[in-house]
Amino acid sequence: MTKYALVGDVGGTNARLALCDIASGEISQAKTYSGLDYPSLEAVVRVYLDEHSVSVEDGCIAIACPITGDWVAMTNHTWAFSIAEMKKNLGFSHLEIINDFTAVSMAIPMLKKEHLIQFGGGEPVDGKPIAVYGAGTGLGVAHLVHVDKRWISLPGEGGHVDFAPNSEEEAMILEILRAEIGHVSAERVLSGPGLVNLYRAIVKSDNRLPENLRPKDITERALADSCIDCRRALSLFCVIMGRFGGDLALTMGTFGGVYIAGGIVPRFLEFFKASGFRGGFEDKGRFKDYVHGIPVYLIVHDNPGLLGSGAHLRQTLGHIL
């Protein structure tokens, strides 16, 4: 008889829940709920389990916020809860609450070739560290290492490191944004809101008044070639994505590969392919040769967060991935 666990991927707007076959890791019965419609994450879980008439004893839910102890307070939502109390209330034997990019990193060993698009470099080296990052509402970062038949995710808040410009144009962007917001992290330029910041700074650098555009507007105008400022912003976004990925590669020696997740890049995939992304990735001066062979992959799996939550839980329960 198949034994299932509950897995989830929760962001600031939606909660996506599914079942994971503990033996195989297969994800099924995925459903998305609006976080605005429920008073708590526990309430959403109860609704999901009732709707699917399933009894589970184990669960793992990825959440887009730092997980530093028993108390979890979501960054972009009002939900806050005790992991131990939620586990008790649901009657679970195991309940793991992990960072969203911990989940994405744990999905990597489960991905197949059709879930990846490669951007330069050679073949990944088995046993070497892996980096994963992705731009969405924010900028998520994690690393992954393989030790004694176990995958260990190394989460953090790497998206909040300083934005490090490496060209006159990027230095100009930093100067303008610093005058507006003070500290300029990488996330301030590598995210949906970050794309807007790039556009605004580019326009303001010419002493003009920027329009009130959304990330979607900037992308659409850039792809239609109807706005030179939007096209410059999107081009610069791709280059800085490359620079940041190259920094991750240098920091951990990620010869196992660098992986890009998140919902932004797939929206302009052909533009990204032709951009200066890989040039930015390898623009490391004396260490260009060091990163030259490191492969970069775009993850195109529909639900890496759910897949990785399942992998994390299965490994916790003693399965070898």
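Every residue gets a Cβ built from N, Cα and C, even glycine.
Per Swiss-Prot, the features are:
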type: BINDING; residues: Gly8, Asp9, Val10, Gly11, Gly12, Thr13; note: ATP binding site
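Sequence features annotated in Swiss-Prot and their locations in the structure.
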residue	record	Cβ within 10 Å
Gly8	ATP binding site	24
Asp9	ATP binding site	25
Val10	ATP binding site	26
Gly11	ATP binding site	22
Gly12	ATP binding site	16
Thr13	ATP binding site	13
Three-state secondary structure, which DSSP defines for Gly11 (ATP binding site): coil
Residues flanking the ATP site, with Cβ no more than 8 Å from the Cβ centroid of Gly8, Asp9, Val10, Gly11, Gly12, Thr13 and excluding those residues themselves: Asn14, Ala15, Arg16, Gly35, Ala62, Ile63, Ala64, Asp100
